[in-house]
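Visitor: Take this structure first; my questions come after.
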Amino acid sequence: MGVISFYLIGQLLYLIRKKYTTTYRQQQQHQYNMDSKHSTSSSSSGSLATRISNSGPISIAAYCLSSILMTVTNKYVLSGFSFNLNFFLLAVQSIVCIVTIGSLKSLNIITYRQFNKDEAKKWSPIAFLLVAMIYTSSKALQYLSIPVYTIFKNLTIILIAYGEVIWFGGKVTTMALSSFLLMVLSSVIAYYGDNAAVKSHDDAFALYLGYFWMLTNCFASAAFVLIMRKRIKLTNFKDFDTMYYNNLLSIPILLICSFIFEDWSSANVSLNFPADNRVTTITAMILSGASSVGISYCSAWCVRVTSSTTYSMVGALNKLPIALSGLIFFEAAVNFWSVSSIFVGFGAGLVYAVAKQKQQKEQSQQLPTTK
């Protein structure tokens, strides 16, 4: 009996071990199959994400849409009934920008350097110029239509080009000069188109006030770009480093200016954010801030997957849909002069882009000389 009992116990242990081994192998096979499916799915989704990330047309479309979104949302807020908290609007946009790029950095999508006091001191003059540029831009957009604003913005290119000649030894080619003449012509045509739509003395006053802010913005923008170019050489900032410091340092300046120069009485706040469209206005303010990040990100994306040449052409072509968006979403003047100015300005941008490409090509073909 002892032998039989020992034999039966041995058989039982053998069966248990066999059952456990079979079950374990089945579980391992099931896990392997699941991993294979997951790997295939991940590979497929990863492949799709890679295709999108490396798609030139998608990057170009994203850049154009982000540009239009920012312009339209800014115009929506600024054209609201008696909106006068421009500094506050710009502060909100800068805060949203900092939060957005901080979130993107935490997700390892973008990277930028940590805050440094010495670099902040070197960069602080740029922050003041940025505030001057974006404030005058907001005032110009408040009084001018999007097409006219977009056309007159081209004049900044002329100031920057001749600023580069003076400060950096740049050169203005014959083709570039031709594009400048077209830019001036488009601005003159836009002026006639705007004047044709004037119906009252108040409209004329608002129009000329818009031109004043636009002219101021052109000089402020040119000064910002030229001086920032010098500072970038000192600090060796990349795109998102520049965005980080620009927005971070401008926030306190904008908030202080808002609290000092703007009316924060309950009546004025209610006037700027009426109950009927308060949520829509705040949403537009947040979207305009986020879209500024989108423009910078899509700019870098477009250059990476296409070329700087393609990007410069896209920048020129992009002025047409931005100008047309003003005709579609807002009551901009639509007449022969206004429509003609859009296409002349569009042509000027194309000629300038081609001129810059030819100039860069000639410079790259020049062999370095040594004494």
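Even glycines carry a Cβ here, placed using N, Cα and C.
Feature annotation from Swiss-Prot assigns topological domain 'Cytoplasmic' to 1-51, 102-121, 163-171, 228-241, 303-309, 356-371; the stated evidence is similarity to another entry. Under the heading transmembrane segment, Swiss-Prot lists 52-72, 81-101, 122-138, 146-162, 172-192, 207-227, 242-262, 282-302, 310-329, 333-355, citing sequence analysis as support. The topological domain 'Lumenal' annotation in Swiss-Prot covers 73-80, 139-145, 193-206, 263-281, and the record cites similarity to another entry as its basis. Annotation comment: Swiss-Prot describes ASN268 as N-linked glycosylation site.
Walk me through where these features lie, including what they touch and how far apart they are.
Guide: Long-range contacts of the transmembrane segment (52-72) within the same chain: residues 141, 146, 150, 287-288, 291-292, 294-295, 298-299, 301-302, 304-306, 310, 314, 318, 321-322, 325-326, 329, each at least 6 residues beyond the stretch ends and with a Cβ under 8 Å from a Cβ of the stretch.
For the topological domain 'Lumenal' (73-80), the model's pLDDT averages out at 81.
Panel annotation: around the transmembrane segment (81-101), residues 110, 112, 131, 134-135, 138-139, 142, 240, 243-244, 247-248, 250-251, 254-255, 257-258, 261-263, 268, 271-272, 274, 285-286, 288-290, 292-293 of the same chain, lying at least six beyond its termini, place a Cβ under 8 Å from a Cβ of the stretch.
Using a Cβ-Cβ cut-off under 8 Å and counting only residues 6 or more beyond its ends in the same chain, the topological domain 'Cytoplasmic' (102-121) has close neighbours at 235, 237-238, 240-241, 243-245, 248-249, 293, 297.
With a cut-off of 8 Å between Cβ atoms, the residues of this chain six or more beyond the transmembrane segment (122-138) that come close are 74, 78, 86-87, 89-90, 213-214, 216-217, 220-221, 223-224, 227-228, 231, 234-235, 245-246, 249-250, 253-254, 257.
Counting same-chain residues at least six beyond the ends of the topological domain 'Lumenal' (139-145), those with a Cβ under 8 angstroms from any Cβ of the stretch are 71, 74-75, 78-79, 83, 86, 152, 194, 206-207, 209-211, 213-214, 216-217, 326, 330, 332-333.
Outside the transmembrane segment (146-162) by six or more residues, the chain places 71-72, 75, 140, 170, 172, 176, 180, 183-184, 186-187, 190, 193-194, 210-211, 214, 217-219, 221-222, 225-226, 319, 322-327, 330, 332, 338, 341-342, 345, 348-349, 352 with a CB less than 8 A from a CB of the stretch.
Counting residues 6+ beyond its ends, the topological domain 'Cytoplasmic' (163-171) has Cβ neighbours under 8 Å at 222, 225-226, 229-230, 359 in the same chain.
Beyond the ends of the transmembrane segment (172-192), by six or more residues, the same chain brings 147-148, 151-152, 154-155, 157-158, 161-162, 165, 211, 337-338, 340-342, 344-345, 347-349, 351-352, 354-356, 358-359 to within a C-beta distance below 8 angstroms of the stretch.
Within its own chain, the topological domain 'Cytoplasmic' (228-241) is flanked in space by residues 101, 110-113, 119, 122-123, 125-126, 129, 167-168, 296, 299-300, which lie at least six positions past its ends and keep a Cβ under 8 Å from the stretch.
Outside the transmembrane segment (242-262) by six or more residues, the chain places 84-88, 90-91, 94-95, 97-98, 101, 112-113, 115, 119-120, 123-124, 126-128, 130-131, 134-135, 228, 232, 293, 296 with a CB less than 8 A from a CB of the stretch.
Long-range Cβ contacts of ASN268 (N-linked glycosylation site) within its own chain (separation 6+, distance under 8 Å): ASN84, LEU85.
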Visitor: By a Cβ-Cβ criterion of under 8 Å, what residues six or more beyond either terminus of the transmembrane segment (207-227) are in contact with it?
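Guide: Contacts of the transmembrane segment (207-227) (Cβ under 8 Å, skipping residues fewer than 6 from its ends): 125-126, 129-130, 132-133, 136-137, 139-140, 142-144, 148-149, 152-153, 155-156, 159-160, 163-164, 167, 191, 194-195, 198.
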Visitor: Please give the sequence-distant neighbours of the topological domain 'Lumenal' (73-80): residues at least 6 beyond its ends with Cβ less than 8 Å from one of its Cβ atoms.
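Guide: Same-chain residues near the topological domain 'Lumenal' (73-80) but 6 or more away: 86, 89, 138, 141-142, 146, 272, 277, 281, 284-285, 287-288, 291, 326, 329-330.
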